[in-house]
Amino acid sequence: MNTVISLMMPITLPDKDERNKSMKTQVDRHHAYEVGDAVFVKDYRSKQTWSPGVIIRRLGAVNYLVNCQGNQWHRHANQLRRRDHQNQRLLLHMDFDLPMPIRRPSTPTTVPTQPTVALTGNQERAPSTPTTIPVHTRTTQGPPLRRSSRNTREPRRLILDPRQKSYIWHQHFAGEIQGVSLFAWLCIDNLTLCCPEGDFGPQCDKCPGLAENGTACAGRGKCHGNGSRKGSGKCKCDDGYSGNLCRHCDAGYFQVENEQGKIITCKKCYEGCFGVCNSEGPKGCTKCKNGWKLDEIEGCIDIDECQNSDACTKENEVCVYSVGSFRCDCAADHKRDDKNNCVLDIEAPPYRSIVPPDQLLRFISMSSLVFIITFVVWYRYPLLYVLTAIAVVALILVDLYITPQSVPDEAKRFLGY
């Protein structure tokens, strides 16, 4: 009887020597061989042949070196049999303590009592007597199989229609199959997180305008909370539309059509119109913005203020035209001061060409000298020698005396400096 005090006692372990002895007995029962043991060795040179041999060395736990008729073979313990052993077959359940296998009835099987031994010399082959091994047959039979008596019905499945963007989830209601969208079945009916299109709020109320026109907000806006269990249901109208149901045109837009008071279409007025307009283009304006003038025939016409010399009255200002307006900017190399006057920008970097004029002159002179020397070498005329000397002298003078300060202003303007 175990008590609480028994749990406090040290656990008694089995004797280690007894456990090792038991394990050794289990191993020696089947394949523990010693040096000098006479065994039968599996010979793979012919089919189902066992040759006599003697173990001469142990190579490991289950591997041995066997002398067989002058040959030394490496064999596993499963490939060896004792010569004084009755060679009974070692079944799987005997080696590993497994439950007895159950076999189906079959014809008896015969095996030789001893392995076939390869004989040498004048030895006679002893006839082997076949032995019948009893076959275990299953005597107990299970209960007879029977077919289920339940009424089967069509399983619920997801039907895919390639012509539609949504799938149909078939449910069985009152014995009839009704098509219900997977979204509605899952999100609306079961999880109660969504509402049908055109509904909003915890109770899935209808959005404004849905009952009258069949579309929320007359199709010209979005219902706040549409399709969810949240939101206020107010219409957020698109550009150009206004009103609780988005049925009116906003400022700067005019109504194009009205189909029996259901759906309206609004278009934007001309950019020169001020406030309300009647139609498209400048002729539809009833009043013009600043910078435009109303003409009886053309409608609102843009005024080009830069054609008037009095548009920009301050010094060093230039007029820049824009649609419906103009602006006065400072001229080049000028900037506005604190008094909003255009003054010379002394901090602006001066314009410089890519190649300074002195370097450009040197490049021209060097190129000319190379050309002249090539011409002289080709034709070998005395006059050409004179021209070459003049070019060399000119090159030396340019290199010694020509500086950026010595270049005339006309030459600078010509060279783009």
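Quick reminder: no glycine exception, Cβ is built from N, Cα and C everywhere.
CYS237 is paired in TrEMBL with CYS246, the candidate among CYS246, CYS249 named as its disulfide partner. Around the Cβ of CYS246 (disulfide bond), the number of neighbouring Cβ atoms within 10 Å comes to 26. Mean model confidence of the domain 'EGF-like' (209-247) amounts to 88 (pLDDT, 0 to 100 scale). Note: CYS237 (disulfide bond) has non-local neighbours CYS217, ARG220, GLY221, GLY243, CYS246, ASP250, i.e. same-chain residues 6+ apart with C-beta under 8 A of its own C-beta. Counting residues per DSSP class in helix, strand and coil order gives 8 helix, 9 strand, 22 coil for the domain 'EGF-like' (209-247).
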